[in-house]
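Here is the structure we will look at, set down as structure tokens.
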Amino acid sequence: MLNPVKVGILGLGTVGGGTVHVLQQNAEEIARRAGRGIIVTHACAKELNKTHPYTTDDIVLTEQLTDLVNNPEIEIIVELLGGTTIARDMTLQAIANGKHVVTANKALIAKHGNEIFAAAQDKGVMVAFEAAVGGGIPIIKAVREGLAANEVEMVTGIINGTCNFILTEMRDKGSDFADVLAEAQRLGYAERDPTFDIEGVDAAHKLTILASIAFGIPLQFDKVYMEGITKITPEDVQYANELGYRIKHLGITKRTKKGIELRVHPTFIPNKRLLANVEGVMNAVLVESDALGASLYYGAGAGALPTGSAIVADLVDVTRTLTTDPGNRVPHLAFQPNALVDLPIVPIDEIESSYYLRLSALDKLGVLAHVTNILSDNGISIEAIIQKEPIGGAEHVSVVMLTHQVVEKQLNRAILAIESLEGIIGKVTRIRLEMLAS
Ligand code: HSE
């Protein structure tokens with residue numbers, strides 16, 4: 001057998017530790033799969049004297065990132081720094097030095113992937129990023145290689161465990177968003193600054209990557225429409241239940257006649273769908289493609305060992321192909337770099353969707369008739385409607401509707417007109433609805 005491949009890890013936190021642990025625990029099996037051993041020889045960590053729960057005796061620890069990316073002995077750099085500034089510099093420097101890179105950094109790939117892959121292409125090195133989407137779920141490999149025969153039509157994913165945990169708890173316990181968020185932070189599921197997760201930025205990074213490998217388009221993070229879960233109320237969760245739906249925070253990318261849709265937002269989905277039953281911090285991605293039909297990929301979207309699993313799988317992939325002619329490797333974004341097409345991204349007000357609407361109306365003759373007239377004037381057909389009795393002598397009632405499919409700008413027009421009606425109190429709540437294939 002050849003000498004082991006030497007790996008340097010930038011960032012020895014939770015995921016770095018998980019990676020070292022998986023490599024140590026399954027060293028023999030990994031070597032049998034890869035054709036040679038894979039060992040971490042160097043790591044860059046902030047706290048060098050921290051006691052790690054795995055063996056670091058054979059690992060040279062340093063605080064200097066450049067000690068690793070400029071070290072000629074190291075063949076593969078694992079980038080686990082997070083962020084997009086130092087991580088970008090180190091990745092480009094490693095590539096310039098002829099090293100392969102494995103990364104879990106979705107923000108880095110979503111924002112700078114086009115530049116990084118072009119640099120890697122020039123140097124004939126690989127940049128692997130399985131851990132960037134869906135944690136341990138091998139979704140990149142599945143879409144890029146397993147579905148290579150297919151034309152992909154749509155990818156829909158629960159790709160942020162924090163949002164899924166919060167929405168699951170809100171449904172199970174009837175709690176407010178803010179209370180569940182505080183609980184998630186206490187349990188360590190949500191970051192102290194949870195903005196990226198709850199505002200949909202993390203999911204948008206991941207969706208950007210999925211769209212590129214599904215449709216062969218350049219990475220375009222800045223074109224993703226993003227909505228988080230902060231405005232979801234227990235009332236909406238309850239109405240979803242009554243109507244036979246669940247609210248999930250989804251990343252959706254779809255091929256349409258107008259172009260590619262790229263959107264992240266809370267979504268009503270029928271409660272019988274498999275995605276509706278993905279609970280807690282788990283992730284799942286549904287792919288609809290022409291030859292296979294619907295296929296679903298489910299698993300842990302975060303955590304030391306699951307993410308370590310994805311990183312080590314990339315290390316095995318890179319190790320196997322070290323001697324392959326770079327032109328014959330699997331392309332970074334699934335399609336050959338010169339075959340990427342710049343399909344238009346559909347602006348959010350041009351998408352077609354069904355909708356859940358909730359409004360507060362004065363309990364007076366004719367108010368509802370005005371609302372339904374506005375909807376029909378805008379070509380919006382109502383699929384279901386619920387009006388609740390006024391609570392405790394209140395003058396207003398909640399009215400909830402599900403609509404058939406309509407272009408979003410038409411719905412927005414109707415909402416503005418409804419909000420200006422005399423008998424309507426406050427804003428109309430609007431949540432998109434997708435029936436999904438499976
Ligand atoms: N913060 C992410 C989530 C995990 O909540 O799913 C890492 O991508």
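Using N, Cα and C of the backbone, Cβ positions are placed for all residues, glycine too.
So that you can see what the record holds, here are the features copied from TrEMBL:
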- Leu10, Gly11, Leu12, Gly13, Thr14, Val15, Gly16, Gly17: NADP(+) binding site (BINDING)
- Lys106: NADPH binding site (BINDING)
- Glu191: L-homoserine binding site (BINDING)
- Lys206: active site, proton donor (ACT_SITE)
- 356-433: domain 'ACT' (DOMAIN)
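Feature annotations (TrEMBL) mapped to structure.
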residue : record               : Cβ contacts under 8 Å, 6 or more apart
Leu10   : NADP(+) binding site : Ala43, Cys44, Leu65, Leu68, Val69, Ile77, Val78, Glu79, Leu80, Leu81, Ala87, Met90
Gly11   : NADP(+) binding site : Cys44, Ala45, Glu79, Leu80, Leu81, Gly82
Gly13   : NADP(+) binding site : Leu80
Thr14   : NADP(+) binding site : Gly303, Ala304, Thr307
Val15   : NADP(+) binding site : Leu80, Ala104, Ala131, Ala304, Thr307, Gly308, Ile311
Gly16   : NADP(+) binding site : Ile9, Ala43, Ala45, Val78, Leu80
Lys106  : NADPH binding site   : Phe129, Ala132, Val133, Asp202, His205, Lys206, Ile209
Determine, to the nearest whole angstrom, how far the Cα atom of Gly17 (NADP(+) binding site) is from the Cα atom of Glu191 (L-homoserine binding site). 19
For the recorded NADP(+) site, enumerate neighbouring residues of the same chain (Cβ within 8 Å of the Cβ centroid of Leu10, Gly11, Leu12, Gly13, Thr14, Val15, Gly16, Gly17, site residues themselves excluded), in sequence order. Ile9, Gly18, Thr19, Ala45, Leu80
For a quick check of packing: other C-beta atoms within 10 Å of the C-beta of Gly17 (NADP(+) binding site), how many? 23
Would you mind ranking the recorded positions Leu12, Glu191, Lys206 by how many other Cβ atoms sit within 10 Å of each Cβ and giving me the lowest? Glu191
Does DSSP give Glu191 (L-homoserine binding site) helix, strand or coil? coil
Measuring Cα to Cα, how many angstrom lie between Leu12 (NADP(+) binding site) and the residue listed as 'L-homoserine binding site'? 18
Residues in the domain 'ACT' (356-433) per DSSP class, helix first, strand next, coil last, are 23 helix, 33 strand, 22 coil
Going by DSSP, give the three-state secondary structure for Val15 (NADP(+) binding site). helix
